Amino acid sequence: MEKLKILGGNQLNGTVRVSGAKNSAVALIPATILADSPVTIEGLPQISDVEILSSLLEEIGGSVSLEGEDLTVDPSKMIAMPLPSGKVKKLRASYYLMGAMLGRFKKAVVGLPGGCHLGPRPIDQHIKGFEALGAEVTNEQGAIYLRAEELRGARIYLDVVSVGATINIMLAAVKAKGRTIIENAAKEPEIIDVATLLSSMGAKIKGAGTDVIRIDGVESLHGCKHTIIPDRIEAGTYMIMAAAAGGEMIIDNVIPTHLEPLIAKLREMGVRIDINNDQDQVLVVPGEKLKAVDVKTLVHPGFPTDLQQPMTTLLTKAQGTSIVTDTIYSARFKHVDELRRMNGQIKVEGRSAIINGPVQLQGAKVRASDLRAGAALVIAGLLADGLTEVTGLEHIDRGYSHLEEKLEGLGATIWREKLTQEEIEQMQNS
Ligand SMILES: CC(=O)N[C@H]1[C@@H](OP(=O)(O)OP(=O)(O)OC[C@H]2O[C@@H](n3ccc(=O)[nH]c3=O)[C@H](O)[C@@H]2O)O[C@H](CO)[C@@H](O)[C@@H]1O
Ligand SMILES: C=C(OP(=O)(O)O)C(=O)O
C-alpha cells in the first residue's frame, strides 16, 4: 500500500498530455470479445481498470498483449467461462462483460460490479435491455446469470439515461437478429467511441451520440485497429488544477467540444481559456481572483458528475458562496469531510455542497474514498500550505495515468511512498 505526498504551493506551468479515455477503454476492451479475429486498440491509459479487464479477457481464453498504451486481443479461442467474483468486483465496468459475452456466446455469468461508491448504482436498465433482447437474467449469490436461445432485436426505452446500459445493450444487440432501437440513450462521447470500434468490426449502428440509437444485428464481427478518444475527465482535472494552482498550462490531446460545460464554468469564474482546435489543445490562464459559481451536474452534454469533486476543491479558492449540486449520484460527497480537515469551509445539504471561500487550505493526512475524491484531494494538496498525504491510491490508480509524473513535469512537488506497517495497521483499525 502506498500514499502520495504533496508539498503544496507550487505554480503549475507547461504542457501536459492527456491519456486515452478510461470510460471508453473499459468498454472497448470487452467489445473485443465480439470479434472473430484480432482487435488492436491504440492509446489506452495506463490505469488499473485497463490491466484488470485485460487479464479478465485472458481468464476467458483470450490471447492478450498489452504493451504500453496498445492492446491487441485475439478473441478467437475465448470461451464462456463464468466470472462470478474476484477481479470483476474491482471495477465498475466489468458489467460490459455481460453484454459482450451475451452477444458472442448467448450466455454469461458475471459478478456484480464494483467501482466508486457514490450512492446506489443499480443495473436494472442493463437487465431490462438484455431481457428485451430475449435473455433470461437471474441474480444468484452476487452474480448475474444471462442465457438466451437467440437474441432478437427490440425497441428499448431507458427509464434512466445510463451510459453503462446504453453501451451494454449495444454490445449485445450488434449480434442479435434484426433491429434494436435504444430510446432515451445516453449521448456521451465514449458511446460514440465504442460505436466507432464496433462499426470498424463490421457492426451496423446509427445514431450513437444522439438519444436514439439504431442497431441492425450482423452474423459476425471481424478484427480491426482503433485509436481511443482522449479522456475528457482527465483533461478537465488538469484544467481545474491549472485554475487552482496558478501558472499557465497547455492541456494537449483534447477534443475541446467535449469540455464545453467545464470551459463555460471556468470562464464564468474568471479563468482565461484559449482553445486551439487545430492542435487539439487548450491553454488555461487563471485570473487574479476566482468568482464563486453554482454547478449542477447533469447527463451529457451537461456538467459531468465526474468533475464535480475536483471542482469543489477549486471553489474553496473562489470569492463568495458556491453551490455544487449532483443530480446524478446521491452520495458523491465523501471528499467533503476530508477537505474540511484541510480547512475547507464546506457543508453538505442533501445533494448539494455549499462552499464558502476563499480559504487557504492546510496540508493534512487524508484518504481518497473513490476515484474523483482522490483527484479532489490531490488538487487540495497542490493548493495547501505544507505537506498533504493522500491514501486510498487504489482508487486514483483506476483512472489517472502517470499522475505524479505528469504533475512533476508541470512543476508540482509530489511523490509516492510505501505506507509503513504502523500506518497500515492504523488504517485497518479506523
Ligand atoms: C465506467 C463508466 O463509464 N463510468 C461512468 C458511467 O457510470 P455508469 O454507467 O455506472 O453510470 P450511469 O450513466 O449508468 O448512471 C447514471 C445514473 O443512472 C442510474 N442508473 C444507472 C443504470 C441503471 O440500470 N439504473 C439506474 O438507476 C445510476 O444510479 C445513476 O444515478 O457514467 C457515469 C455518469 O456519467 C460516470 O459517473 C461514470 O464515470
Ligand atoms: C465514477 C467513476 O468511475 P466508475 O464508474 O468506473 O466507478 C469515475 O470515473 O468518476
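Just so it is clear, glycine is given a Cβ too, placed from its N, Cα and C backbone atoms.
What you see is a predicted model, and the numbers here were worked out from it, not measured in a lab.
Feature annotations, reproduced from TrEMBL:
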- 8-407: domain 'Enolpyruvate transferase' (DOMAIN)
- Lys22, Asn23: phosphoenolpyruvate binding site (BINDING)
- Arg92, Arg121, Pro122, Ile123, Asp124, Gln125, Asp306, Ile328: UDP-N-acetyl-alpha-D-glucosamine binding site (BINDING)
- Cys116: active site, proton donor (ACT_SITE)
- Cys116: 2-(S-cysteinyl)pyruvic acid O-phosphothioketal (MOD_RES)
Q. When you look at Arg92, Arg121, Pro122, Ile123, Asp124, Gln125, Asp306, Ile328, which the record names as binding UDP-N-acetyl-alpha-D-glucosamine, what is the longest CA to CA distance in angstrom?
A. 21
Q) Using Cα coordinates, what distance in whole Å links Cys116 (active site, proton donor) and Arg92 (UDP-N-acetyl-alpha-D-glucosamine binding site)? A) 7
Q. By a simple count, how many Cβ atoms lie within 10 Å of the Cβ of Cys116 (active site, proton donor), its own Cβ left out?
A. 22
Q. What residues, ordered by sequence, lie under 8 A Cβ-to-Cβ from Arg121 (UDP-N-acetyl-alpha-D-glucosamine binding site) and sit at least six positions away in the same chain?
A. Arg92, Gly115, Tyr329
**Q.** For Pro122 (UDP-N-acetyl-alpha-D-glucosamine binding site), the three-state class that DSSP assigns
**A.** coil
**Q.** Contacting binding-site residues, sequence order - Arg92, Gln125, Asp306 vs ligand 2, Cβ under 6 Å
**A.** Arg92, Asp306
Q. What is the pLDDT of the domain 'Enolpyruvate transferase' (8-407) when averaged and given as a whole number?
A. 97
Q. Cβ distance under 8 Å to Ile123 (UDP-N-acetyl-alpha-D-glucosamine binding site), same chain, sequence separation 6 or more: which residues?
A. Tyr95, Leu112, Pro113, Ile144, Gly164, Ala165
Q. Which recorded positions of Lys22, Cys116, Arg121, Ile123 contact ligand 1 in the sense of C-beta under 6 Å?
A. Arg121, Ile123
Q. Over all shown protein chains, what is the count of other CB atoms within 10 A of the CB belonging to Asp124 (UDP-N-acetyl-alpha-D-glucosamine binding site)?
A. 11
Q. If we check Cα distances from Lys22 (phosphoenolpyruvate binding site), which of the binding-site residues Pro122, Gln125, Asp306 wins as closest?
A. Asp306
**Q.** Cβ neighbour count (within 10 Å, all chains shown) around Lys22 (phosphoenolpyruvate binding site)
**A.** 26
Q) Where Gln125 (UDP-N-acetyl-alpha-D-glucosamine binding site) and Asn23 (phosphoenolpyruvate binding site) are concerned, what is their Cα separation in Å, rounded? A) 18
